Amino acid sequence: MRPVSVWQWSPQGLLLCLLCNSCLGSPSPSTVPEKKASSQELRFRLAGFPRKPFEGRVEIQRAGEWGTICDDDFTLQAAHVLCRELGFTEATGWTHSAKYGPGTGRIWLDNLSCRGTEQSVTECASRGWGNSDCTHDEDAGVICKDERLPGFSDSNVIEVDRHLQVEEVRLRPAVVGRGRRPLPVTEGLVEVRLPDGWSQVCDKGWSAHNSHVVCGTLGFPSEKRVNVAFYRLLAQRQQHFFGLHGVACVGTEAHLSLCSLEFYRANDTTRCPGGGPAVVSCVPGPLYAASSGQKKQQAKPQGEARVRLKGGAHPGEGRVEVLKAGTWGTVCDRKWDLQAASVVCRELGFGSAREALTGARMGQGMGAVHLSEVRCSGQEPSLWKCPHKNITAEDCSHSQDAAVRCNLPHTGVEAKETWYWDSGNITEVVMSGVRCRGTELSLDQCAHHGTHVACKRTGTHFTAGVICSETASDLLLHSALVQETAYIEDRPLHMLYCAAEENCLASSARSANWPYGHRRLLRFSSQIHNLGRADFRPKAGRHSWVWHECHGHYHSMDIFTHYDILTPNGTKVAEGHKASFCLEDTECQEDVSKRYECANFGEQGITVGCWDLYRHDIDCQWIDITDVKPGNYILQVVINPNFEVAESDFTNNAMKCNCKYDGHRIWVHNCHIGDAFSEEANRRFERYPGQTSNQII
């Protein structure tokens, strides 16, 4: 929902009001500070499922009636105020689109605007008590820091149904044999964690819809039939404690706790008469099928993927991008909710959605915004099957890109600790030649040299180490600009001394008759965007940057970009390399400020939301094609080719174009982002006898 419009005041009108000391019929703004209704007149509580004690949907009781807060214009500052009202020290986050389920009754506040320092929510601006154009699908929630205010009296804070909350769900496999079952567990008894501990669910009235929701909650895209008779026989030999019954899911819920269900009371002596424990069997997505120990099934023929996630730090999270007319674009976050997010997650082989993120929380995309106002029921097999609105560029910006976090299966990797230590006492190297795509769940699933370890010596210099981060940069080349700016220049040799010094010409230039003659150069502009969630910074510190007197700048990376001309079968016929003349913010999006510039030995890098432009008319922004014969070729550009700087996604670092060269002119067309590896990276990964390639299908 949008706030109502605000009247515009002219300076003359304002002066007249000041002189008259009053204005008849003066307009009221869209958000006005609330009159000081004492906070003692209000009561606050956290509600909804699933949640922890310090998070939930915010509900306020006013005049004896409970109501909610609309998420329009809601901010972390408002969450801080509300968390203090609830007795917590501060907020760590907030939620929108009824993440904890829709409330009931009045929507007390809309367009709530707080500075974050208010003592009470009554001091914040809003549309007024009870004045809202929202629905309960827009109820706001808060995530408070699990730390109470000293001496806080919670007489006005009520926790709703905390004792009737499904906190977690799991599958307990049948105990058959002594072998250790592989993770993730895909079949077993459904158990829920209640405040009193884990308990089973009565299967009377159990449906496929219930199984579908349970599997989605556990990170699996779908369910399959299970041998109930086997588990019934097994159950006769075991004792069970039933805590839940009457589960009736529609099938579109993102979590079991959102289904209609009933809890057994403490004094219920007869539980689940004539029934048994609910059993579910789930189908893992492609990423987890191999690790679950299931037999690899014949893959069904599928068309090109039309939905993907970008910018996330973990599997199953990222900015939602969709393919339309051969071009990838983003999804506007208007009306983006858990149902739509769950459709995306299941389509990609994960479970239901854990969060539906708005406001470009996973970074801003590039290019078109293809979809808006996506409204899914949750039963659709693909996001493209959901009703949606095709939009124009003016309707939505990339600051509103939608994203998701999906439920993932428990694989045991989550708790695996990685230690970084002085390797001076290392006596054995157990793995070498590791090459990963980035989607593997562990190093064992990456390609490597197998039992033939290449490292002949041990020691600090020969052992690998990592520094982990929740966020990373993500560079993307503006491919259309390359196509639009490509041209040929015959440049005189006497103008290329600096370029020769920087090794920007083909090797045949060394034997040229300097300073006479010329070199034929394919020139183009490259505009490199950082679409990630962290700034792109050179690996080397400023103390090790190399000064190049000829061009008058520091090189912060040995190789930043590779330019290659390839034959259709991939043979390289011409190449160019570009040491980063200077990584800086040439331009940025409207709401982003520049942070890096080359002048005066400044810090180098590319800020999130900014781009570095290398114009076609600067030195070394070319490929020397003097020795290339006429024919059809591929122009390939690879950014960060040696993977020196961490990125959340390397698959979009390469761009390819089709080229036709007749000896005088060149046509560059069909430029697109594609996969490629630099020659250095391929050379580093030498093949050895017995090399394994443990790739997940």
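The backbone N, Cα and C atoms fix where each Cβ goes, and this holds for glycine too.
Automatic, uncurated: that is what TrEMBL annotation is.
Sequence annotations record features per position, and here TrEMBL assigns signal peptide to 1-25.
DSSP places the residues of the domain 'SRCR' (44-145) in helix, strand and coil in these numbers: 16 helix, 36 strand, 50 coil. For 44-145 (among others), the entry in TrEMBL reads domain 'SRCR'.
Note on C70 (disulfide bond): other Cβ atoms within 10 Å of its Cβ, all shown chains, come to 25. According to TrEMBL, the feature disulfide bond maps to C70-C134 (among others).
What TrEMBL lists as disulfide bond is C83-C144 (among others).
Annotation source TrEMBL lists disulfide bond at C114-C124 (among others). Every protein chain shown contributes to the tally, and the Cβ of C114 (disulfide bond) ends up with 22 other Cβ atoms within 10 Å.
Summarising the annotation, TrEMBL assigns domain 'SRCR' to 169-283 (among others).
Its own atom aside, the Cβ of C249 (disulfide bond) has 22 Cβ atoms within 10 angstroms in the protein chains shown. TrEMBL lists C249-C259 (among others) with the feature disulfide bond.
As annotated by TrEMBL, domain 'SRCR' applies to 307-407 (among others).
Here C396 (disulfide bond) comes close to C332, R334, V369, S372: these same-chain residues lie at least six apart in sequence, with C-beta atoms under 8 angstroms from its C-beta. Annotated disulfide bond per TrEMBL: C332-C396 (among others), in sequence order.
As annotated by TrEMBL, disulfide bond applies to C345-C406 (among others). Every protein chain considered, the tally of other Cβ atoms within 10 Å of the Cβ of C345 (disulfide bond) stands at 30.
As annotated by TrEMBL, disulfide bond applies to C376-C386 (among others). Within 10 Å of the C-beta of C376 (disulfide bond) there are 23 other C-beta atoms, taking all protein chains into account.
As annotated by TrEMBL, domain 'SRCR' applies to 431-469 (among others).
All chains included, 21 other C-beta atoms sit within 10 angstroms of the C-beta of C446 (disulfide bond). The disulfide bond annotation in TrEMBL covers C436-C446 (among others).
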- Task: Report the member of C144, C436 (the disulfide-bonded residues) whose C-beta atom has the most other C-beta atoms within 10 angstroms.
- Result: C144
- Task: Whole-number Å only: compute the distance from the Cα of C345 (disulfide bond) to the Cα of C134 (disulfide bond).
- Result: 27
- Looking only at C83, C134, C332, C406, the disulfide-bonded residues on record, which one has the least crowded Cβ, with the fewest other Cβ atoms within 10 Å? C134
- Taking the Cβ of C386 (disulfide bond) as the centre, count every other Cβ atom within 10 Å, in any protein chain shown. 19
- Whole-number Å distance between the CA of C249 (disulfide bond) and the CA of C144 (disulfide bond)? 30
- Using Cα coordinates, what distance in whole Å links C376 (disulfide bond) and C436 (disulfide bond)? 35
- Take every residue in the domain 'SRCR' (307-407), average their pLDDT values, and give the whole-number result. 88
- Give me the Cα-Cα distance between C144 (disulfide bond) and C114 (disulfide bond), rounded to a whole Å. 16
